[in-house]
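Okay, so here's the structure we're looking at.
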């Protein structure tokens, strides 16, 4: 009699249930996203108004380098640094945890209350402060704040989406629509393009250098495939395809941009041409192919969403390069004048891209992250420029324009993202997130955010920075 074959138990027994949990979703209205992202901006502006910067970047760095000084001095600086970052956590990270979860059903009321608090804090700050408005702050300060916030939203959402406490309308859409999580990939691509070497006018490159720069991303892409296959981790095939993932898309965009080496003031024209041409093919039938569930045996058909969406993300990146050069790196004015011009330009562009998005949504094709069509690109541009424009309102608030916590995250964005992905996988393999009730879910998300922030803060204090190239 033959012995029965015992199949090894899966590390992720509820894989299919978790995949269904994030599938076939339709998103929420653009207006709700506009209000929600504005709330996060307002919360950060309130932090600027409150002040309480118990230490400075210069102070804590000196403390960490003075190894022969009295230990009490170093301890005081460390304590002040940690207290300041704790206050930053309350105003920067806590709103990110509660607004899209326990307070999601009161978004519009929360927005009114937050705006009222901001006006009160701003009025009080202007009345009692003797510090002049710092319009000469480097523009990179606001870019850093914007990039950090986009990264924090992404890192929080990739875990929160697996819990019931996170509304399904904020999760990634299946075909068409808009949601908070739909912004993730597009925001990451745009945030990098705005401050890229191309945007700064550094154009000298070669195919070898391009492949060398993309190699870490390719490594991470294949490592993700090995991890998801090895532990039977849930993968929503409709997002990128069977094998494709976010890192491969970034590698493709990086390589294409480096190979097609043109001046930044022409990148927008090339990017717009690619986007319009891609959109023409989509409305002529390519969209039906990309959104269908049928897949052939060839590698392109297996990964059709990821491969074809490269055109959209590449076009977005090129447009971002020209915008970054136009808004931030092409100015030859004084700091005050440059800040004013950039602020006005960002607000105008944000409004224009919202108008374009509404027009395309109504008359051409609704936004689709899955295909990265033209409406999705303008939607990403509108939301991100809106957030950046609101961050630049800190010019009117006396005092520092960026918190210690934001500075810490800005120095380790890649490390933050990788750690967040690792912790998300660990949590999903440890517990069945879809069955966790709201209170434990909120506690888990708070601990996750605290550990992530603490790791970044400690790394910054001791000068550690993760960089592959």
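Numbering starts at 1 and runs along the chain as displayed.
Cβ from N, Cα, C; glycine included.
If you check TrEMBL, you get these features:
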| type | residues | note |
| --- | --- | --- |
| TRANSMEM | 20-46 | transmembrane segment |
| TRANSMEM | 80-100 | transmembrane segment |
| TRANSMEM | 106-124 | transmembrane segment |
| TRANSMEM | 178-196 | transmembrane segment |
| TRANSMEM | 217-236 | transmembrane segment |
| TRANSMEM | 242-262 | transmembrane segment |
| TRANSMEM | 269-291 | transmembrane segment |
| TRANSMEM | 311-334 | transmembrane segment |
| TRANSMEM | 346-364 | transmembrane segment |
| TRANSMEM | 376-397 | transmembrane segment |
| TRANSMEM | 409-429 | transmembrane segment |
| TRANSMEM | 441-464 | transmembrane segment |
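Segment contact holds for the transmembrane segment (217-236) and the transmembrane segment (409-429), given three or more CB pairs below 8 angstroms at sequence separation of 6 or more.
The highest tally of CB pairs under 8 A with the transmembrane segment (178-196), across 20-46, 242-262, 376-397, 409-429, 441-464, is held by 376-397. Within its own chain, the transmembrane segment (242-262) is flanked in space by residues 185, 188-189, 196, 198, 203, 205, 207, 209-211, 213-214, 217-218, 220-221, 224-225, 270, 295, 299, 302-303, 305-307, 309-310, 313-314, 317-318, 321, which lie at least six positions past its ends and keep a Cβ under 8 Å from the stretch. For the transmembrane segment (20-46), the list of distant contacts is 91-92, 95-96, 99-100, 107-108, 110-111, 114-115, 117-118, 121-122, 145, 149, 153, 161-162, 167-174, 177-180, 182-183, 236, 238, 354, 357-358, 361, 379, 383, 386-387, 390-391, 393-394, 397, 403, 434: same-chain residues at least six beyond its ends, Cβ to Cβ under 8 Å.
With a cut-off of 8 Å between Cβ atoms, the residues of this chain six or more beyond the transmembrane segment (346-364) that come close are 30, 34, 279, 283, 323, 327, 374-375, 378-379, 381-382, 385-386, 388-389, 392.
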